[in-house]
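J.: Encoded as structure tokens, here's the structure I'll be asking about.
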Amino acid sequence: MSGPSTFQPKNPVLKWIERRLPIFGLVHSSFVAYPTPRNLNYWWTFGGILSFMLGVQIVTGVILAMHYTPHADLAFNSVEAIVRDVDYGWLLRYLHSNGASMFFIAVYIHMLRGLYYGSYKEPREILWILGVIIYLLMMATGFMGYVLPWGQMSFWGATVITNLFSAIPYFGESIVTLLWGGYSVGNPTLNRFFSLHYLLPFVIAGVVVLHVWALHVAGQNNPAGVEPKTSKDTVPFTPYATIKDAFGLACFILFFFWFVFYIPNYLGDPDNYIPANPGVTPPHIVPEWYYLPFYAILRSIPDKLAGVVAMFSAILVLAFLPWLDSSKTRSMRYRPLAKQCFWIFVGVCLGLGYLGAKPPEGVYVIAGRILTACYFAYFLIVLPILSRIEKPRAVPNSIADDVLGKKKSVVASALAVIGVVGLLALDSGSTARASDHGSTPPSMSWSFAGPFGKFDQGQLQRGYKVYKEVCAACHSMNLVHYRNLTDPGGPGLSVAQAEALAAEIQVKDGPNDAGDMFERPGRIADKFPSPFPNENAARAANGGAAPPDLSLMAKARGYERGFPQFIFDAFTQFQEKGPNYIHALLTGFEDTPPEGFKLPDGSTYNRYFPGHAMKMPNVLSDDQVTYDDGTPQSVDQYAKDVAAFLMWAAEPKLEERKRLGFQVMIFMVILAGLLYFTKRAVWADAH
Amino acid sequence: MTTSSSAGQSRRDFLFVATGAVAAVGAAAAAWPLVAQLNPDASTIAAGAPIEVDLSPIAEGQDIKVFWRGKPIFISHRTKKQIEEARNVNVASLPDPQPDSARVKEGHDQWLVVIGICTHLGCVPIAHEGAYDGFFCPCHGSVYDTSGRIRQGPAPSNLPVPPYAFISDSKIKIG
């Protein structure tokens, strides 16, 4: 992309093609011979990592679209069907959902690198602005993708974000109507979001081409911030940059796969495992972690329009950065004051992210306002003033000088890494439940926890028995079929046993030739029966509160783990909030509420239920369910067994996931190691 | 620093080849799930379980169409004449030689059960049409006889017989 190529293929076929379409020359000049500064550090590998992540998102996304149904009534279950029934569907879905987060982690690092090393300065202004456009497109794409599973957070996220546009004077309401295609967020909204979510990644890919084009015209910036002068300052892209990028990418994939295989729901919100309900807003709405800083800015401003303007300005201000910072010195390495302000700015962003996940009350609001002011001050006051008054240190004469006189700035890198981990860990969306009202459920030891966790077949069978004899009287499990009882990694029933269990129920089928509906014995392809014909019947029979479906219960409930525990949870692979909560709930009933607690009629006091007043009575008692294997028949044991069973029901591919995860991690460690030594061997010539 | 010794050179070459090979294995392994997901999913397979069909309402000379695994299955209650026609054929002269006895269950000669999908390009033939009193495919003019064997037209083979068994004289289980 940097002018006509001098590349001449030898092979006559390639020669023939090259004369008519100089594509090999283009590739050669852009990705082989292209001179890249020899002092680039690993922060420069994130461009390649981002291209890779865009590819991953497009490939997995196109595949998911083959199985997904964009309909308000079917979307939620179709996503679950992908995870449960499609070969490797769980893998593809978790790659895609966690891939979005990884994409944003990489883009934030990429942006902060540009900010730190002054990559937006002349002659790279257009390159930078194209990057801001890509970032905006990514945000729109990520938001619309989050809507597609049509869970509670999808629905309410869509409602809140689309309502942002209602702040626009005069046209706001009309714009919102255009977004919705109805009187509220509904099926038409889901359909258009699906269409646009499919389209936008290709638009991103198009802008990425422009971004790379602009990059290859201006050339890469580098940590010293001085332009290459002689050929001593650069090395050819291949093999030097390619192998370095490959090693960086392999390390990033290891990080990515830690999430995919071991903590796939860590960055998500439990509420999104509850199907969308237009009648009930979750008590604590949080966007995905990557929007949290902007969400905090939005909430800091007490005026609707001003809040929205501030939020969008926070992103758009980036586009003006090349003119706000007029310092001639690019790299902040040589700008001591700007460097300190930069790290303060990173802290401000992390702080805003933290506040975005907190309820908008009390001290959080004040802190949010202060940090919002700091955020804008960095761009509008600090950088413009600093660039005029600061006296930068001398920059090296050339890149070659920089390489020779290089001191390792390990501290800055370590700080940045900590910053990234912190940013990542800012998902307290998943931790924001039950904290205000309930006590924290005790952590139990589960056989399925940890990297080698497996379900205990006996426990799953006992848990199924408890579900069938007690819970099933009121709760459905619509996503679980009798055939699942025979699946590997499950309760391990034989097909005959599952058939016998299925045959116990009567299933409505038809119409037959005469046009009549009829009842037939269940088959293993049938799902577990619902105790009520519809939700209204369930509500009417249970004092106004419909007993929720239990299929995903173990992933749809969580509780606050608190800072810094939730960061450690990412390392210890803690994913058992749901079963802990279920066990605590089933053992947490108290006959007499504490003094001063007014229990509404028809409710039971439960220590762990948010608000404590629960419509469900205490249904378990000792010796209620008979165990054949000699396990103690206590309420505590019943609660543990049924919680384990519900964990399996919510995550039936857990064992397969962890097993494959281990193999993949070992493979990636070997590959990363090989790439590291190859990189050293390649670069040995260059130093 | 340069590695000029030939031992160092070959060690480097080995490293490059090993890295490339491992990366290639990884790429191939990554492609596997992307292809495997195209297979029928577990719910589709479960829905493809065998079905039972009650034959008692089908009068002689009539036929019905049922669906199994998304395919139309023709079940014909053949008349004496149709059975005779199916049998009185020089099997060797057929495009896809098969005696009628190989296409029905012994002792249940009156029941013809075939997958109603033309073996040419997948259209559904029409029963009781065509020159052989069997099936006629309107798409490209293939003609099948009363045993579902191809007699005329571009179709290369007979209408396939699905796996089925009589569980009683008036009930079959397909699949």
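Just so you know, glycine gets a Cβ as well, placed from its N, Cα and C.
Since this is a predicted model, take the numbers as computed values, not measurements.
Okay, these came from TrEMBL:
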type	residues	note
BINDING	A:Cys471, A:Cys474, A:His475, A:Met616	heme c binding site
DOMAIN	A:13-224	domain 'Cytochrome b/b6 N-terminal region profile'
DOMAIN	A:227-397	domain 'Cytochrome b/b6 C-terminal region profile'
DOMAIN	A:458-650	domain 'Cytochrome c'
TRANSMEM	A:43-66	transmembrane segment
TRANSMEM	A:100-120	transmembrane segment
TRANSMEM	A:126-148	transmembrane segment
TRANSMEM	A:160-183	transmembrane segment
TRANSMEM	A:195-215	transmembrane segment
TRANSMEM	A:246-263	transmembrane segment
TRANSMEM	A:305-324	transmembrane segment
TRANSMEM	A:336-357	transmembrane segment
TRANSMEM	A:363-387	transmembrane segment
TRANSMEM	A:408-426	transmembrane segment
TRANSMEM	A:660-678	transmembrane segment
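Buried or exposed, and what's around them? Tell me for each listed feature.
T.: In the three-state DSSP scheme, A:His475 (heme c binding site) falls into the coil class. Around the Cβ of A:His475 (heme c binding site), a 10 Å sphere holds 22 further Cβ atoms from the protein chains shown.
If one looks beyond the transmembrane segment (A:126-148) by at least 6 residues along the same chain, the residues whose Cβ comes under 8 Å of a Cβ in the stretch are 61, 68, 70, 75, 79, 96, 100, 103-104, 107, 110-111, 114, 119-120, 154-155, 157-158, 161, 189-190, 193-194, 196-197, 200-201, 203-204, 207-208, 210-211, 214-215, 218, 272, 287-288, 290-291, 315-316, 318-319, 321-322.
Under 8 Å from some Cβ of the transmembrane segment (A:160-183) lie the Cβ atoms of residues 143, 189, 191-192, 285, 287, 298, 304-305, 307-309, 311, all in the same chain and six or more residues away from its ends.
A Cβ distance under 8 Å defines the sequence-distant neighbours of the transmembrane segment (A:195-215), meaning residues of its chain 6+ beyond its ends; these are 1, 30, 47, 51, 54, 57-58, 61, 65, 70, 124, 126-127, 130-131, 133-134, 137-138, 140-141, 144-145, 147-148.
For the transmembrane segment (A:246-263), the residues of the chain that approach it from at least six positions outside its boundaries are 42, 45-46, 48-49, 52, 91, 94-95, 98-99, 101-102, 106, 451, 569-570, 573-575, 657-658, 660-662, 664-665, 668-669, 671-672, 675-676, 678-679, judged by C-beta separation under 8 angstroms.
Non-local neighbours of the transmembrane segment (A:660-678) in the same chain are 91, 243, 246-247, 250-251, 253-254, 257-258, 260-262, 451-452; each lies 6+ residues outside the stretch with a CB under 8 Å from one of its CB atoms.
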J.: For the binding-site residues A:Cys471, A:Cys474, A:His475, A:Met616, which ones lie near chain B, with a CB less than 8 A from one of its CB atoms?
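T.: Cβ contacts with B: none found.
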J.: Three states by DSSP: which one describes A:Met616 (heme c binding site)?
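T.: Once the DSSP labels are grouped into three classes, A:Met616 (heme c binding site) ends up as coil.
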J.: Residues sitting near the transmembrane segment (A:305-324): Cβ under 8 Å, six or more positions beyond its termini, same chain?
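T.: The answer is 111, 115, 120-122, 124-125, 128-129, 132, 135-136, 139, 164-165, 167-169, 293-295, 297-299, 372, 375-376, 379-380, 383-384.
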J.: Can you work out the mean pLDDT of the predicted model over the domain 'Cytochrome b/b6 C-terminal region profile' (A:227-397)?
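T.: Computed over the domain 'Cytochrome b/b6 C-terminal region profile' (A:227-397), the mean pLDDT is 95 on the 0 to 100 scale.
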J.: Within the same chain, and leaving aside A:Cys471, A:Cys474, A:His475, A:Met616, name every residue whose CB is within 8 angstroms of the centroid of the CB atoms belonging to the recorded heme c site, in sequence order.
T.: A:Val470, A:Ala472, A:Ala473, A:Pro547, A:Leu550, A:Val619
J.: How many other Cβ atoms are found within 10 Å of the Cβ atom of A:Cys471 (heme c binding site), counting all protein chains shown?
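T.: Cβ-Cβ neighbours of A:Cys471 (heme c binding site) within 10 Å number 23.
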